[in-house]
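According to Swiss-Prot, the protein carries these features:
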BINDING   50, 57, 58, 59, 104, 107, 112  ATP binding site
BINDING   205, 219  Mg(2+) binding site
BINDING   270, 327, 328, 329  substrate binding site
DOMAIN    9-250  domain 'ATP-grasp'
C-alpha cells in the first residue's frame, strides 16, 4: 500500500524526522491561507506547490512548482496543477489525475542527496541505499555512475549499528559535526519508522542539506507491507482509492489476490505457488499471462464468479485458463462457479479448465453437461498448450 508525500511526512514527523513545514490542500481556494501561514511562520516568501500522486518524477512532469510571489502566485499555480493529468515515467502515458496538493515552505538548499530503505529479500535484511546524486532518477545514477551509490545492510537481530550511520555520513561527504549529528539522528529515526510501521519501502529524493547545515527530508515516498495490514488500523485512513487500481480493489474486497499484468491470457488459480507456476508455464509455451489471480483455498461459487468478472474487465484478455488443484477447495464448487460466470457474463473468449483433487469427477461432470464450449485439460502443461493455441491461432510453442 502506498501513501502520499504529505502523509509520509506526517509519519516521519511522528518519529522525529525533520521535514519542512507544509499542509495539504484539496481545493485551490485552500492554498492562499496555507501559503500565508507558512510565510508568516518561516519568514520566507517562497512556497512550493506539489502535486500529490502515487508516482515519482512529478517535478519533470510539471507537478512541482515554486511560488516566489506569495499566496497569489501559489494559488495561480495550484489552479493549473489541480485536475491536470500528470504524466511521469512511473504513471505510463495515460498519466494520473491530480486531486490533492501539498503546500510547503521553501528551503535554502545547498546539497541534494538520495536516501532509501527497503527489504532485500535475497539477503533477508533491510537495505539502506544512499547517493550523493539526490534529485535525480536513481536508476539512471545506478546505470551511469554506480560508484556514487552506497549500500549497507542491517542485521535483523542487532538492528542499525551507530557505526553504519557514521560510515554512510562519511561516504556522503557529511563531515560538518552538526550536520553529521542531524544525519545520524535522522537515519536512526527512519529505521525506527520503517520497522514499527511495517514499511516495504521508504524513499527520500532528495534528502537535503540547507545552507545552514541542517538536514531535511524534502520528499517522502512510503509503501507499507500489505501483509501487515491486520495490525495497523490507521492505514485505512491513509488509503487513497483514487490512486489504486479499481480492479485490484474489487478483488481485495472479494477476498481474492489479484495483480494485473500486460498479457492476454487470464488465469484463475487456487494457491499463490500454483498461480506463479501457471504463469511460468503459459510463458514457456509462448503465451503471456494477463494477471495473477489466487482465489485461495476455500473460495465460494460467488468468489469464483467474481474472479471471472475481474479477469474479463481487461479488454486485452483473449482467453482464460482455470487451473485448480482441490485440497480444501472442492472442484465441483469451482466448476459451478465457472459455469455460472460463463453463462451470466456471456463468455466469448476460449476457456480451458484443468481440475484435480477433491470432487474432481463431480466437477468434470458439471462442466461436460453444462452445454458450454469448455476445453478440458488433463494436466497443467496440457492446459497451458491448449489456451496458448486457442489465443494464438492454433499454435503453441514448445
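Here the Cβ of each residue, glycine as well, is placed from N, Cα and C on the backbone.
When the record's substrate-binding residues 270, 327, 328, 329 are compared pairwise by CA position, the greatest distance found is 10 Å. Under 8 Å, Cβ to Cβ, and six or more positions away along its own chain, residue 57 (ATP binding site) finds 88, 89, 90, 137.
In this model, the domain 'ATP-grasp' (9-250) carries an average pLDDT of 94. In terms of C-alpha distance, the listed binding-site residues 59, 104, 112, 219 place 219 closest to residue 327 (substrate binding site). The two recorded residues residue 112 (ATP binding site) and residue 219 (Mg(2+) binding site) have their Cα atoms spaced 11 Å from each other. For the recorded substrate site, residues 270, 327, 328, 329 set the reference point as the centre of their Cβ atoms, and the other residues of that chain within 8 Å of it by Cβ are 271, 296, 297, 298, 299, 324, 325, 326, 330, 357, 358. In this structure, the C-alpha atom of residue 59 (ATP binding site) lies 11 angstrom from that of residue 219 (Mg(2+) binding site). When the Cα of residue 329 (substrate binding site) is compared against those of the binding-site residues 50, 104, 205, the shortest separation belongs to 205. Taking the Cα atom of each, residue 104 (ATP binding site) and residue 205 (Mg(2+) binding site) are about 15 angstrom apart. Cβ contacts within 10 Å of residue 50 (ATP binding site), excluding its own Cβ and spanning all protein chains shown: 27. Put simply, 58 is the one of the binding-site residues 50, 58, 107, 270, 328 whose Cα lies nearest to the Cα of residue 205 (Mg(2+) binding site). Close to residue 270 (substrate binding site) in the fold, though at least 6 residues off in sequence, lie 294, 295, 296, 297, 299, 324, 325, 326, 329, 334, each with a CB less than 8 Å from its CB.
Residue pair residue 58 (ATP binding site) / residue 219 (Mg(2+) binding site) shows a Cα separation of 11 Å.
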